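*Asks:* Pulled these features from TrEMBL for this protein:
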type	residues	note
BINDING	58-62, 127-133, D159, A262, G331, H382, D449	(6S)-NADPHX binding site
BINDING	N59, D123, S162	K(+) binding site
BINDING	K419, G420, S421, R422, T423, G448	AMP binding site
DOMAIN	10-216	domain 'YjeF N-terminal'
DOMAIN	227-508	domain 'YjeF C-terminal'
Amino acid sequence: MQRVLTAVQMREAEAAAQERHGMPSGLLMENAGRALAEAARSVAAPGARFTVLCGPGNNGGDGLVAARFLLEGGARVVVSLVGDTAKTTPEAKRNLTALEGFGESPRAFEVLPEPGPGDVVVDALFGTGLRRAPEGAFADAIGTMARWRRAGAKVVAADVPSGLQSDTAEPFTPCVEADVTVAFGFLKPAHELEPGASLCGDVRRVDIALGGEASRVVSGPELFRVEEKDAREALPVRRADSHKGTYGHVLVVAGSPGKTGAAAMVALAALRSGAGLVTVATRAEALPAVMAHAPEIMGLALPGDGPLGKGDLEALKAALEGKDALVMGPGIPRGPETGALIGDLLAAVDVPAVLDADALNAVAEDLSVLRRAKGPVVLTPHPGEMARLTGKPTKEVQLHRVGMARQLAAALHVTVVLKGSRTLIAEAGGRVFINPTGNPGMATGGTGDVLSGVCGALLAQALPLPQAAWTAVYAHGLAGDLAAERRGLMGLIATDLLKGLGSVWVRWGR
Ligand SMILES: NC(=O)C1=CN([C@@H]2O[C@H](COP(=O)(O)OP(=O)(O)OC[C@H]3O[C@@H](n4cnc5c(N)ncnc54)[C@H](O)[C@@H]3O)[C@@H](O)[C@H]2O)[C@H](O)CC1
Ligand SMILES: [K+]
């Protein structure tokens with residue numbers, strides 16, 4: 001797991017490093033600047049010229065240190081201080097003097113030579129201290145960097161592309177678009193959440209000797225980026241003496257006439273994710289079409305017809321006997337009583353439950369039904385379903401994804417998987433995990449059904465939460481990435497993920 005820190009938390013970590021280790025503050029900037037110089041060198045063509053634009057704060061200071069290291073390495077370097085140089089921080093001032101000692105003095109922005117293909121521009125205007133939209137000379141500099149980039153120069157951003165708000169990942173106008181962003185010490189939300197993540201280009205997190213426990217001393221909400229090893233290590237290694245009962249039995253309550261494929265995709269995803277047994281419970285008229293998708297799927301006809309309601313409670317309680325996980329929602333016939341049915345069912349049986357699609361829409365009418373759940377509950381909304389669950393417009397959900405997911409998880413004491421680019425996994429205890437895998441090719445019908453099946457299968461194999469959720473999301477997204485390599489973003493369809501999942505388990509030795 002990589003800890004993702006806000007600007008305030010970064011300052012706390014920096015202060016902790018200085019207090020606990022007597023870390024001279026200039027050393028952090030020295031380490032940052034050296035790493036910035038290395039990243040700039042790594043994208044430069046032979047004989048490239050480096051143009052370093054420095055702002056008035058410590059981000060600018062990082063740029064001045066980088067310029068000094070580049071000069072020391074014999075590179076052609078030009079530096080410009082943008083904005084009111086009187087306001088430069090003491091740290092940055094010290095590095096300005098040092099730079100002049102190397103015989104390079106900052107030049108006026110207007111007389112800078114034009115970078116071309118192979119050259120490198122270092123964006124050290126603003127980092128985590130950005131407070132408002134860049135204006136005047138800063139805005140001009142950002143616009144000029146965009147022009148230089150269009151002309152073929154590479155842009156390397158110090159800590160955060162200038163103009164991008166570190167905590168919210170929202171860009172002001174104008175905002176730098178970088179080829180590489182060097183994240184000092186810890187990742188920030190701007191590196192891991194859209195639309196910021198796309199503006200950063202290749203994010204390279206570097207240590208600057210803040211000290212390992214620095215992230216543990218910071219207070220406030222905990223945000224993490226899931227790494228591949230976290231998902232792989234959460235999965236049990238299969239023992240030779242195991243049998244299908246060892247890997248759990250998933251009950252899938254899904255499907256209805258015309259939406260039998262949804263139920264089949266949940267069931268197939270669960271089977272492809274290691275569940276020992278999978279039973280689909282659906283109306284009799286839909287059952288044959290569901291089971292036709294695979295001989296491995298077992299079926300249970302729910303008596304009656306029409307929307308799921310209180311009349312189905314006894315049959316579903318009986319169906320859940322001996323099961324290890326429930327996945328409910330994709331393609332179900334939803335009616336006015338479905339939400340109450342879900343509440344009664346979860347209150348009656350203590351199995352981990354994944355609620356997706358129309359089960360979410362059903363409980364959205366009265367969320368209190370979830371408070372009676374005996375077992376752990378995972379909600380897997382896409383932004384539109386999250387809007388219905390929270391009563392907020394989808395646009396607002398997308399602007400405050402972390403906060404919304406954290407709030408709902410804490411309020412309902414459930415795990416919330418808020419899908420989308422960089423899916424979030426929010427646990428009831430307040431921690432939020434960002435998933436880095438997946439791609440726009442997965443915006444196609446049925447991929448959500450597959451995810452709910454993967455999650456149900458891991459819960460049935462007794463993975464605890466939130467591990468089961470973040471592992472399912474990571475594997476599902478990686479399956480999509482591997483499948484997109486074969487099918488293209490346009491050609492990817494949900495059942496390709498079933499094959500992709502196989503490649504993921506092979507890659508992880510599971
Ligand atoms: N915290 C750490 O562990 C380290 C941080 N480093 C670098 O320092 C920056 C943060 O530096 P800071 O001085 O706080 O702010 P910035 O340099 O990002 O911003 C400069 C300054 O500009 C003012 N300002 C904000 N918005 C605007 C605006 N739109 N127009 C004009 N002026 C603006 C505001 O007063 C800011 O203070 C961090 O990103 C790292 O790059 C260390 O070097 C490494 C360790
Ligand atoms: K920057």
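Glycine too: its Cβ is placed from the backbone N, Cα and C atoms.
Help me picture these features in the structure, burial and contacts included.
*Replies:* Around T128 ((6S)-NADPHX binding site), a 10 Å sphere centred on its CB holds 22 further CB atoms from the protein chains shown.
Contacts of S162 (K(+) binding site) defined by a Cβ separation under 8 A and a same-chain sequence distance of 6+ are given as G55, N59, D123, L125, F126, G127, L130, P134, F138, I142, C175, V176, in order along the sequence.
Around G420 (AMP binding site), taking its Cβ as the centre, 18 other Cβ atoms fall within 10 Å, counting all chains.
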*Asks:* For the binding-site residues N59, D123, S162, R422, which sit with their CB under 6 angstroms from an atom of ligand 2?
*Replies:* N59, D123, S162
*Asks:* So, in DSSP terms, is D123 (K(+) binding site) helix, strand, or coil?
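*Replies:* Looking at the DSSP assignment, D123 (K(+) binding site) belongs to a strand.
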*Asks:* Given the binding-site residues R131, H382, K419, R422, which one has the fewest other C-beta atoms within 10 angstroms of its C-beta?
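*Replies:* Selected from the binding-site residues R131, H382, K419, R422 on minimum Cβ neighbours within 10 Å: R131.
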*Asks:* N59, T128, H382, G420, S421, T423: which of these binding-site residues put a Cβ within less than 6 Å of any ligand 1 atom?
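*Replies:* Passing the 6 Å Cβ check against ligand 1: N59, T128.
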*Asks:* Just the number: how many Å between the Cα atoms of G61 ((6S)-NADPHX binding site) and S421 (AMP binding site)?
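*Replies:* Just about 33 Å between their Cα atoms.
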